[in-house]
């Protein structure tokens with residue numbers, strides 16, 4: 001079956017995709033509590049339980065001197081050691097066994113999906129719903145990735161969207177490439193991040209037992225799934241050297257996953273084009289999408305954060321959307337939310353680059 005036909009088949013099978021259209025109704029729910037497919041204003045979406053990932057243009061940075069940077073030396077030392085170990089791991093690549101390459105790819109993809117399909121599109125934005133087996137899979141992948149637990153990751157990400165490019169944005173790209181890439185993890189949070197972050201509604205995350213279970217046991221979970229397991233499996237099962245297992249399969253793989261995610265915060269906010277909203281910093285960056293499983297269509301994502309594809313195009317350089325659609329085909333994902341073509345074209349005309357031809 002041709003790829004585009006397969007995509008249509010999977011996208012329409014077993015579950016519904018809610019289409020967001022435009023304009024002009026503000027009705028979000030019917031009497032039975034189900035989401036309606038009614039036209040909405042472009043700035044609105046149909047997630048009545050989720051409003052805190054929508055950009056708030058009324059928030060402005062406070063005037064006056066900026067607070068002094070407070071370095072977190074523990075993080076600086078640990079990140080430096082991690083990247084030194086990862087660099088050494090690169091030199092070991094030619095000496096690794098084929099099963100180790102496969103293991104690293106498997107572990108990388110599991111961790112990536114735990115971030116992209118899990119912490120990002122499911123828990124931060126509620127762009128689709130997942131049944132328990134899929135949620136467990138994504139929680140495990142998220143723990144393997146070790147980029148903060150789902151609760152903290154989602155809280156920071158919602159703040160990033162709502163207060164984007166301000167002092168309340170945890171990785172504000174206006175503070176430079178290095179800060180938005182990794183520097184924000186090496187210093188104390190700006191007071192505005194804590195102040196505005198505390199105003200976010202996180203009740204949906206607190207109410208989810210699986211998310212809170214992961215948060216409660218996150219440290220031992222990370223120790224086991226991010227460091228011990230990926231090191232011991234190659235060493236024990238196919239007699240890989242301990243050196244290769246530690247520095248390549250574990251430290252290099254972990255550092256690679258971190259930096260690819262960080263590029264969404266840094267490169268995808270600085271380099272690329274802005275077809276959907278030229279008034280905001282996030283850009284469409286194909287190279288970032290290649291590494292980050294489809295997360296580089298960032299101008300679209302910040303314009304329509306409620307679209308489960310995080311892109312106008314579902315499977316185009318977007319492994320995460322392919323994965324979610326496959327999960328929908330077997331009944332594990334449902335209620336995927338997708339912005340309509342009419343809404344996209346209207347938004348391009350209003351705030352985007354009119355020379356851009358929507359596909």
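Keep in mind that glycine also has a Cβ here, set from the backbone N, Cα and C atoms.
Cross-referencing 301, 316 against the Fe cation 1 binding annotation in Swiss-Prot, which names 120, 125, 157, 161, picks out 301.
The stretch that Swiss-Prot tags with transmembrane segment, taken from the ranges 242-263, 264-285, 330-351, is 242-263. Looking at 288-292, 293-297, 298-302, the range annotated in Swiss-Prot as motif 'Histidine box-3' turns out to be 298-302. Matching 98-118, 182-202 against Swiss-Prot, the residues noted as transmembrane segment span 98-118. Remote same-chain partners of the topological domain 'Lumenal' (238-241), defined as residues 6 or more beyond its termini with a Cβ less than 8 Å from a stretch Cβ, comprise 95-97, 99-100, 249. Within its own chain, the topological domain 'Lumenal' (94-97) has Cβ neighbours under 8 Å at 234, 238-241, 244, 248-249, counting only residues six or more beyond its boundaries.
Secondary structure from DSSP puts residue 148 (substrate binding site) in coil. The topological domain 'Cytoplasmic' (119-217): residue composition by secondary structure is 63 helix, 3 strand, 33 coil, according to DSSP.
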